[in-house]
Amino acid sequence: MAFVSIAPLASRCCVHKSFVSSREVKPLCRTIPTLGRCRRGKTVTPSISMCWTATVLDDGVQRRIANHHSNLWHDSFIQSLSTPYGETSYLERADKLIGEVKEIINSISVEDGELITPLNDLIQRLSIVDNIERLGIDRHFKNEIKSVLDYVYSYWNEKGIGCGRESVITDLNSTALGLRTLRLHGYPVSSDVLEQFKDQNGQFACSAIQTEGEIKSVLNLFRASLIAFPGEKVMEDAEIFSTIYLKEALLTIPVCSLSREIAYVLEHGWHTNLPRLEARNYIDVFGQDPIYGTPNIKMTQKLLEIAKLEFNIFHSLQQKELKHLSRWWKDSVFSQLTFPRHRHVEYYTLASCIDIDPQHSSFRLGFAKISHLGTVLDDIYDTFGTMDELELFTAALKRWHPSATKWLPEYMKGVYMMLYETVNEMAREADKSQGRDTLNYARQAWEAYIDSYMKEAKWISSGFLPTFEEYLDNGKVSFGYRIGTLQPILTLGTPFPHHILQEIDFPSSLNRLACSILRLKGDIHTYQAERSRGEKSSCISCYMKDNPGSTEEDAVTYINAMVNKSLKELNWEFLRPDSNAPITSKKHAFDILRAFYHLYKHRDGFSVARNEIRNLVKTTVIEPVPL
């Protein structure tokens, strides 16, 4: 939320010298413990602890900065990156292997062989699909995957399936993997099939000794349980049981491919799992242990080589796109501003972790640019900007014309023009895909985004603490999920007619749930830092206001329960078979939620990018896979 004061238009420690006014700037590096009246008619509650570095200029007015760490990925480093995997020979080798694997899969579909029989054909087919998807190469095998899943579904019944079409009894591993895979592809399958695997006490049964096969079955049960819909108690029971079981297994089994997979799945689950990160991890475990291989050794070897080649071929494209993005940032006003978070590389990494299609460069770069713009505006409205400046910027944005900059302070002029040019450029790109004007969609989203920030600024200026419901309604917009989603998905090259777009964009249930989840989860990790900067309102503080006597721990527990409930509702909105929008049309919107949610797994990954997110950049963008 924005700080309310009048400050000169620039500060030496926050803005490049070309933006500094002619008046002398006197830096003061100390902590301001309290702050009373800032300007006539505007106050900030003196009891709020102000724990930031303030800059005092010659008129004694202060401007806040949040002391975020600087850009971790310098342009000189990005421009120095190189890779040989863009050469034609690698592409040709990958294409050849893909063709050979398709032939093997199609031959399996026609008739049983020596290794695939009527007693194991269902689990073998499901395992092939699962391996292909987890290796990140499924875009090459869409038809083959559909053929396999149609075959498996033809044998699905109210008790699930056995290992093969002629199996006498159903099997937990086959049923759990089938439930997960079929549900993710839109087949109407009920979780009731899991009830039969409980004992007379209503508990999932397991043997006294954990065998490798049983551990693998429980792992697939855990993976299936994460794709739960509202009201599916058996899925909740399955998640609780399998989580405990797998954590115990990690304590007893030696370090191996299976233990690494268990650790990864427990860590990332589904909602914080990113496809490219999963592929990088699965490449390391696939093929190194018989439990992961396909019945055809040649297929296993070919799939592994395809996965490595695809990872590195896309790596070469990532470098080209990242160099473009880094130049865009360096040549813009952003590189001259030191007060905001510079996270363009991190945002690009998230986009490239959820979409590796070579044709979708506009999506990846657009997501990175739009998200970076949103973050810069977040820091302007939250800390650096004064109320007068914010009102001017809000009015200028709604006018949407370059001439509107003449009323803005210098540092805002550059930001405004970058926003104006980037949004218009993306709209022109989206117009080609959609066959209609899309700029109005974008402008409406940005206006709502900025209005939500102005509301928060007014709350802090008056010392007003809203109700939990009022705060959340506004916070769902100010998180910025809509601006980060709308324009990028419209550039994908896939038409989004109105009846499809209304299932994805505001005010659809999918959009509402995604925004709620991200705002709630985000506040859990940011409220303490924001409170130290004088930003009073958060889901936690508003809940405590509505529930006198409650503690921060009570609030966090309540909010986590809300998030878990909303995630199940989101699963349903994404995967429901009766939706007007196919899963493929909703996938990017859903995956963008997963990308943002990934950053809040352990901390505020937007503000503190030195830890997990830095490793994500290195693992999925900077470093290739050894062939």
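Sequential numbering from 1, following the chain as shown.
A Cβ is built for glycine as well, from the same backbone N, Cα and C atoms used for every other residue.
Since we're looking at a predicted model, the values are computed, not measured.
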Q | Where Swiss-Prot places motif 'DDXXD motif' among the ranges 73-77, 88-92, 378-382 | A | 378-382
Q | DSSP-derived helix, strand and coil totals, residue by residue, for the motif 'DDXXD motif' (378-382) | A | 5 helix, 0 strand, 0 coil
Q. Which residues, sitting 6 or more apart from D378 (Mg(2+) 2 binding site) on the same chain, put a CB under 8 Å from its CB?
A. P340, Y453, G480
Q. Within 10 Å of the Cβ of E530 (Mg(2+) 3 binding site), how many other Cβ atoms can be counted across all chains shown?
A. 20
Q. If you draw a 10 Å sphere around the Cβ of D382 (Mg(2+) 2 binding site), how many other Cβ atoms fall inside it, taking every protein chain shown into account?
A. 22
Q. Taking the motif 'DDXXD motif' (378-382) alone, what is its mean pLDDT?
A. 88
